[in-house]
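Report on the structure given below.
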Amino acid sequence: MNSTAMSPLTVTPLGFIPDLKNTTLVPFNETACENWKEIHHLVFHVANICFAAGLVIPTTLNLHMIFLRGLLTIGCALFIIWATLYRCALDIMIWNSVFLVVNLLHFIYLVYKRRPIKIEKELSSLYKRMFEPLHVPPDLFQRLTGQFCNIQTLKTGQAYAAEDKTSVDDRLSILLKGKMKVSYRGHFLHNIYPCAFIDSPEFRSTQMNRGEKFQVTIIADDNCKFLCWSRERLTYFLESEPFLYEIFKYLIGKDITNKLYSLNDPTLNDKVS
């Protein structure tokens, strides 16, 4: 052979440090912003303003959740308009449609819960005097008086209960109108006035013992109207409503105390409790 074919090999000497100053760097992200794009349409910014306003509403505001859901609903609607008319972005439109439905349903539910509750005229004074000061919501009071109870009447001289005859297990009542007299073996004890329990001592004393009879006689001194609960169903309802259960414990305890005071001070029988 006249010549020997040599394959060119590049040999890097030991200790050689490449010159990095003249090295051309390849961009890591080909989509890196070189120039800012144009500003989005005004609808886009108004939508974000709605989101921001909803998120900064203080939780101490009474209707803050309604305002929050309302502003989020408006913001989603504006995003749908922006994505549809100005960006033609199907994915943005779809996602915001989902968010719009979710927030709109929440908004409707919250507004429904805040709707004014109409309390019957016959029960309005009872609610304002006994339950509203204890922060019982109108809807809870409506549930309490809208089921397993009814309004009954007694004419003057009719008996609500007779001692040793009437069972205490059947009912619990609050006087709405008129006046009743309580007596024991013919001796007058005290009066019962509107917005007071008629049989609170019997209800409390027989919570553990059933089958007992009234030890007093209760007679209508005027034409009376009273709210009457089925005792068994009322007890079951209060067990499912702990807040209302505590309210009833307080009201019955207070009513019994007032009746005991009226026994010791006869002048209280001439005053509306």
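Yeah, the Cβs are placed from backbone N, Cα and C, and that goes for glycine too.
Per TrEMBL, the features are:
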DOMAIN    40-265  domain 'POPDC1-3'
TRANSMEM  39-59  transmembrane segment
TRANSMEM  66-86  transmembrane segment
TRANSMEM  92-112  transmembrane segment
Tertiary contacts of the transmembrane segment (92-112), as residues 6+ beyond its ends and Cβ separation under 8 Å: 65-66, 69-70, 72-73, 76-77, 79-80, 82-84
Spatial neighbours of the transmembrane segment (66-86) far in sequence, C-beta under 8 Å, 6+ residues away: 40-41, 43-44, 46-48, 50-51, 53-55, 57, 92-93, 96-97, 99-100, 103-104, 106-107, 110-111, 114
